Amino acid sequence: MDNVITKTSSSSADSDITPPPPTSHLPPKKEPGGWRSVKYILGNESFEKLASMGLIANLTVYLQTRFNMDGIQLVNVFNIWSGSTNVTPLLGAFLSDTYLGRFRTLIFGSTASFLGMVVMSVTAGIPNLRPLGCTGGSNCQKPEYWQLGVLYLGLGLLAIGAGGVRPCNIAFGADQFDTRTEKGRAQLESFFNWWYFSFTVALVIALTVVVYVQTNVSWVIGYGIPAVCLLFSIVIFLIGKHTYIITKPQGTVFVDLAKVIVAACKKRAMSLESTPEHSFYDPPLIESDQRVKTLDHTNMFKFFDKAALIADPSELDDKGLAKNSWRLCSVQQVEQLKLVIGLVPVWITGIGCFITMDQMNTFGLMQAIQSDNKIHNFKIPPGWMGLSSMISLSAWIFIYEQIYLPHAKKRSKKNVRLTIRQRINTGIVMAILCMVVAGIVEKNRRERALKQGSLLSPQSILLLLPQFSLSGLNEAFAAVAIMEYYTNHLPESMRTLAGAIFFLSFSASSYLNTVIVNVVHQVTAKHGEKPWLGGRDLNEVKLDNFYYLIAGLALLNFLYFNLFSCRYLDKRSGFRHEDKGLEMNENV
């Protein structure tokens, strides 16, 4: 209190009071946020991804070799679990925005993932929790229902953990930058690439050890390492708490979106023709966070404007506020829904891109299991194939950020980044090439195995590297660009929703892939020739035909994106900073 009084007195014109000398020589307290905070967030993300990918990278091998699952059951379990881990982020986003906030949601999510990894380690360590071992063939003991129940418990906890981590980690990292400044916007632009780069490098270094231990030493130790890494990620994240910008939950946008749909349907019979602008309900925002932006009214998806149409003055109270928020919504709420709907065309494109990556996580690893993995008496674990995807992803991001951009900017004196459209197009092309190469390699692998009359093909496992590398480039170009588009397309108050929508596209691709796999299996199994999919032995099916089918779907996705959905990349509702009145209108 004395310091306050002294400061006030010394600022008066007629004051002759001399301020006391400072009592402390401590340096000024650093402002929270910025790269100082992000280093902890990236450290947490690296260990969390090490843990989750330590499971995903070798889960196909674990399910086939320890739970004796055949091809169709394995793909179904993997894809349904993978899809679930990308659906739960919607619930996590809701809880984060409404009750917990991003920081606490990340803590709870990481804890659930840690418990899930402990359960997985238990299934690996107690033989009674698994069926009897099987060296190959089709007459293997199937797991009991209660054994599957324990397995699904561990996978379920991991899915719950993903629901807390995935929608919040990108958004929480983006919260650390002030995008009202040019410096903050430039930092945020690089953050997306470094977010991908940091955990991928950690995975490339660590998964070589984790996957090798799982395959050649012990599954218990191999699953115990990711569990310890998850514990490290929680500790690192808590250590950096004092540096974070932690925003309080401001309420969920999900309810607002539902209100707009309901209100628009209630007023569907009303006409918007010649409706004056003042007839729309557009109250000023009541918001303590200065980063919240007011969305401008646009002419996209005009049907939903009916939700903000004041049909009768009685819909407002004496303060000019809506009496029933399920019948009258603000322009701000309507424009938020329009932004989300505007994501859908590009979201569908993302689903098509990610289906290719799903094939490498399941069938690609099954190819590796039935290939010659000996290199000079050293056995390469099949799970290492995924490392080539991560290496290609990391290599491209490093080359792009550290070599291409600095030299290009030096020559042109301006921003020369590849556009989102260019990167998505490149990613789709990589997806097509990935499937074509995979089909050619698989046909050769199967023919050599049949010629030799053995389960394992004499074809080297190294011939699978190109298809996994192309899958990584698909992710490096398409996934990073789509994530950046979602985050920049929506205002900062909706960033958690942007993260959830991004991972929801992964979920949709997993579920759609499950449907495609089962339909292809049912259709091709009816013919007298070899089915395309099914069973534990790839030599008895024609997986290459399935790969060509997915390549055809990727080609259709390329046409769909360039003829239709790319037009929505530049369609964004304008927004302006409420505190400065800075308008940032976009073409609609």
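Here the Cβ of each residue, glycine as well, is placed from N, Cα and C on the backbone.
The range from 43-63, 106-126 that TrEMBL describes as transmembrane segment is residues 106-126. Counted over residue pairs 6 or more apart, the CB atoms of the transmembrane segment (497-520) and the transmembrane segment (337-357) come under 8 Å in at least three pairs, which marks the two as touching. Remote same-chain partners of the transmembrane segment (106-126), defined as residues 6 or more beyond its termini with a Cβ less than 8 Å from a stretch Cβ, comprise 44, 48, 51-52, 55, 62, 66, 92, 100, 150-151, 153-166, 168-169, 172, 218-220, 222-224, 226-227, 230-231, 233-234, 237-238. By the Cβ criterion (under 8 Å, sequence separation of 6 or more), the transmembrane segment (424-441) is not in contact with the transmembrane segment (146-172), since fewer than 3 such pairs are found.
Counting only same-chain residues 6+ beyond the ends of the transmembrane segment (384-403), those with a CB under 8 A from a CB of the stretch are 53, 57, 190, 193-194, 196-197, 200-201, 203-204, 207-208, 211-212, 357, 360-361, 364-365, 368, 418, 461, 464-465, 468-473, 475-477, 480. Away from its own ends, the transmembrane segment (337-357) comes close to residues 256-257, 260-261, 295, 298, 300-301, 304, 389, 424, 427-428, 431, 434-435, 471, 474-475, 478-479, 482, 485-486, 489-491, 494, 497, 501-502, 504-506, 508-509, 512-513, 516, 550, 553-554, 556-557, 560-561, 564-569, 571-573 of its chain (Cβ-Cβ under 8 Å, at least six residues beyond either end).
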